[in-house]
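Asks: To start, I am sharing the structure in question, which I have written as structure tokens.
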Amino acid sequence: MKKMPMRKRFGQHFLHDSFVLQKIVSAIHPQKTDTLVEIGPGRGALTDYLLTECDNLALVEIDRDLVAFLQKKYNQQKNITIYQNDALQFDFSSVKTDKPLRVVGNLPYNISTPLLFHLFSQIHCIEDMHFMLQKEVVRRITAEVGSHDYGRLSVMAKYFCDNTYLFTVSPQAFTPPPRVESAIIRLIPRHNFTPVAKNLDQLSHVVKEAFSYRRKTVGNALKKLINPSQWPLLEINPQLRPQELTVEDFVKISNILN
């Protein structure tokens, strides 16, 4: 079958290392009855492995040439549905299933953060997620309070999910090799986080505002939102830096604004 050219604007790096592919599938541990959604399947390297493990697989691919390639490659498969769609705009709840989705994929590095936020907005229909991401992004997601990598993505990811850094993948596992290392992460939705954010948009705004001034104290960083008299009510020291605040702290700040 004719190979498809890579498109730089889609951030395409195709995984080809069979050992890494098998390791990813083992981490996902798909079951026959699962409904899997693969984002950015490319030429189907991971898809081939997933098809042998589950009976319901959906592919979301934006590249029309790759969609045509995949349709031809899997035209005899009855357990696969291909959506030509931008994952940033895709309604994951539209996938026909009576079970929560298991979402997987080698996410394009140039859209990985906004795509994660899009998935967080649809977390109600997701059982878990396993992604290949730039190693730096995985470090930011899993960063602990007070660390250099702890920031907006860390806070929001921890609010929505329990996150586990699984393993690193070298550039040589891809064609063409990216200039950075990659890593596999597991994200399991948290449906009972406490305290509950009353307004998720407000929470996101507070976190974004705080980390826009991460070298300032949180009292100064959020002075447009929180007046000095409110900090004692929150039981948060306004002299702390944003990276020293827990997810719970940010939720409390967000909730006092509602």
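The backbone N, Cα and C atoms fix where each Cβ goes, glycine too.
Pulled the feature table from Swiss-Prot, pasting it below:
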BINDING   His13, Leu15, Gly40, Glu61, Asp86, Asn106  S-adenosyl-L-methionine binding site
Asks: Cβ neighbours within 10 Å, counted over all protein chains: which one of the binding-site residues Glu61, Asp86 has the most?
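Replies: Per the Cβ count, the most surrounded site is Glu61.
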Asks: Which residues, sitting 6 or more apart from Leu15 (S-adenosyl-L-methionine binding site) on the same chain, put a CB under 8 Å from its CB?
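Replies: Looking at Cβ-Cβ distances below 8 Å from Leu15 (S-adenosyl-L-methionine binding site), excluding near sequence neighbours, one finds Leu21, Gly42, Ala45, Leu46, Asn106, Met132, Val169, Ala173, Phe174.
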